[in-house]
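**Student:** According to Swiss-Prot, the record shows the following:
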DOMAIN    35-342  domain 'YjeF C-terminal'
BINDING   139, 192, 193, 194, 195, 196, 197, 198, 259  (6S)-NADPHX binding site
BINDING   230-234, 249-258  ATP binding site
């Protein structure tokens, strides 16, 4: 009797486990669908009634003597994803090169070490007043002058209450001076594995602990900024909630893919600013679900999620065509295709 009961119990147990697994799968799928719908609510609809710039004016701070490709990829990605205007702010020698890449680029060669610092401050401040969001880091470099420029730009972003993305060598500055960004809730940082480890070391966090805990503790230590930790699984956290992106991307790990993500994130951050301006009564905080209005503390969380999903989709589409020969430049034509695959045809928003 016991032998006949055992298979029945086993079947019951297996059935319960399968049911539980199916429930988790449905829950995950439901969560993803909910996140995607929330992101759509931030995207400004296209309209013939709008004028140039109303769908986003984004600044990209980067481009130095040694690096001209990164700001190009970030600027082009921001426009391909949907912002109206993208401005590259760089050194004169980098600007001369970047200008030749595309007539669509607006290149401001304001980071000039040969002029008075007060002139640099004034020129950048005047330009920042136009932006919805700014990305600091692609092609920035680590020399003293460029790091000084990054410090200036972070301060100006805070002065103008602007949404801010800090990437690449902008994170090098923050690992040395984390107080520059502490407490600023309109910032999102995009560290890769090495950059995440250095930031954790600076702030006294064990980066080898359970991954969710490490990411949340870094965001908590920064007291406001959102963190998009890039890796095999991307984690986006504001210190309270953690979102995950594990979509399959391309298998080629060529340089420049992070710049594509940063550019898309810049546009999404700009759209978050537009959404906030159009809805001045946004709640400051929310639960993990979005009501009639998306709470302010979830805007960059959703932007980071959307940028990660988009970058991985671009990489997958580009890799399917180019395989081992894939370069970052191959991702640019895929940004618009990724947008439509993820967020739907543009006509659906008209």
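Along the chain as shown, the residues are counted starting at 1.
Glycine is treated like the rest: Cβ placed from N, Cα and C.
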**Student:** Given the binding-site residues 232, 250, 258, find the one whose Cα is closest in space to the Cα of residue 139 ((6S)-NADPHX binding site).
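**Tutor:** Nearest listed residue in space: 258.
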**Student:** If you average the pLDDT over the domain 'YjeF C-terminal' (35-342), what number do you get?
**Tutor:** 96
**Student:** Given the binding-site residues 197, 250, which one's Cβ is surrounded by the fewest other Cβ atoms within 10 Å?
**Tutor:** 197
**Student:** Based on DSSP, name the secondary structure state of residue 195 ((6S)-NADPHX binding site): helix, strand or coil.
**Tutor:** helix
**Student:** Per DSSP, residue 250 (ATP binding site) is which: helix, strand or coil?
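**Tutor:** For residue 250 (ATP binding site) - judged by DSSP and reduced to three states - the answer is coil.
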**Student:** Closest to residue 230 (ATP binding site): which of the binding-site residues 193, 195, 197, 259, going by Cα position?
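**Tutor:** Looking at Cα distances from residue 230 (ATP binding site), the smallest one goes to 193.
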**Student:** Which residues, sitting 6 or more apart from residue 256 (ATP binding site) on the same chain, put a CB under 8 Å from its CB?
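**Tutor:** Spatial neighbours, sequence-distant, of residue 256 (ATP binding site): 69, 70, 73, 327, 328, 329, 331.
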**Student:** Within 10 Å of the Cβ of residue 258 (ATP binding site), how many other Cβ atoms are there?
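**Tutor:** Around residue 258 (ATP binding site), other Cβ atoms within 10 Å: 22.
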**Student:** Nearest to residue 195 ((6S)-NADPHX binding site) by Cα, among 250, 252, 258 (binding-site residues)?
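**Tutor:** Considering only the listed binding-site residues, the nearest one is 258.
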**Student:** So which of the binding-site residues is most packed in, judged by how many other Cβ atoms lie within 10 Å of its Cβ, out of 139, 232?
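**Tutor:** Compared across 139, 232, the most Cβ atoms within 10 Å surround 139.
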**Student:** Near residue 193 ((6S)-NADPHX binding site), which residues of its chain come within a Cβ-Cβ distance under 8 Å, counting only those 6 or more away in sequence?
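**Tutor:** Those within reach of residue 193 ((6S)-NADPHX binding site), by Cβ under 8 Å and sequence separation of 6 or more, are 230, 231.
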**Student:** Using the residues the record lists for (6S)-NADPHX (139, 192, 193, 194, 195, 196, 197, 198, 259), what whole-number Å value is the largest Cα to Cα distance?
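**Tutor:** Comparing all Cα pairs, the maximum is 21 Å.
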**Student:** Just jot down the residues in the same chain as residue 234 (ATP binding site), at least 6 apart in sequence, with C-beta under 8 A of its C-beta; none if empty.
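**Tutor:** Residues satisfying the criterion: 228, 244, 245, 246, 308, 312.
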**Student:** When the number of other CB atoms within 10 A of each residue's CB is tallied over all shown chains, which of the binding-site residues 230, 252 has the maximum?
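**Tutor:** That would be 230, with the most Cβ atoms nearby.
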